[in-house]
Amino acid sequence: MKKDTSSEMEAIRDGDYIDPAKKIILGLQHMFTMFGATVLVPIITGLNISVTLFMAGCGTLLFYVISKRKVPAFLGSSFAFIAPMLVVADKFGLPYACGGIVVAGFLYLILSGLVSVFGVKKILTFFPPVVTGPIIIVIGLKLAPVAIDMATGNWGLALTGFVVVTVVSIYAKGFFKVLPVLTGIFVGYLVAIMIGAVDFTPIAQAKWIGWPEFTVAKFNW
């Protein structure tokens with residue numbers, strides 16, 4: 001009898017039918033997946049990490065309410081704004097780069113209104129895959145040097161995480177198959193501890209509770 005593996009290959013699209021324990025595990029994976037990208041953007045641009053995480057949480061909760069709990073998405077940092085932010089911050093200062101973020105936010109509101117009025121299908125006619133695909137590829141290629149630079153310190157550890165994620169994504173079975181990122185983090189971190197690449201001193205010395213240091217946005221017309 002041929003085994004039906006279609007259920008193992010399909011994405012989980014409805015969380016209402018998942019056990020609470022599995023929901024927690026998937027939530028942890030989602031958190032770790034977003035955390036690297038969300039923190040990397042402020043590290044590159046000079047923004048405050050605490051402020052970035054705080055506003056990402058506020059935006060996610062607001063989106064969760066507006067979408068009526070139908071879209072389990074996280075609104076984190078966008079890599080699309082890194083290049084212009086670096087240029088503005090270098091020439092005018094970080095407050096003016098934050099001003100650019102505010103303006104971009106208003107433009108997003110205008111575009112979301114247009115999408116609501118004309119519908120998603122009408123808007124997508126102006127942005128087919130042949131347009132959006134290369135944009136995503138360019139963003140990834142632009143950030144590739146950052147990943148290579150971070151892996152340069154320990155290629156063995158980086159390749160370990162890469163191999164684990166790849167193997168789990170391709171060869172794992174059942175629920176375990178949808179946990180490549182969480183598995184890669186667990187194995188990679190375990191290996192890092194074994195080789196002495198993890199230092200908990202900064203965590204012990206850091207303030208665990210504090211108020212984010214907000215930067216007041218400035219504008220120059």
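Glycine is no exception: its Cβ is also placed from the backbone N, Cα and C atoms.
The transmembrane segment annotation in TrEMBL covers 32-65, 71-89, 96-120, 126-148, 155-172, 178-198.
Contact counts against the transmembrane segment (126-148), taken as Cβ pairs under 8 Å, peak for 71-89 among the stretches 32-65, 71-89, 96-120, 178-198. Tertiary neighbourhood of the transmembrane segment (96-120): same-chain residues 45, 47, 81, 84-85, 88-89, 215-220, selected by CB-CB distance under 8 Å and a gap of 6+ residues from either end.
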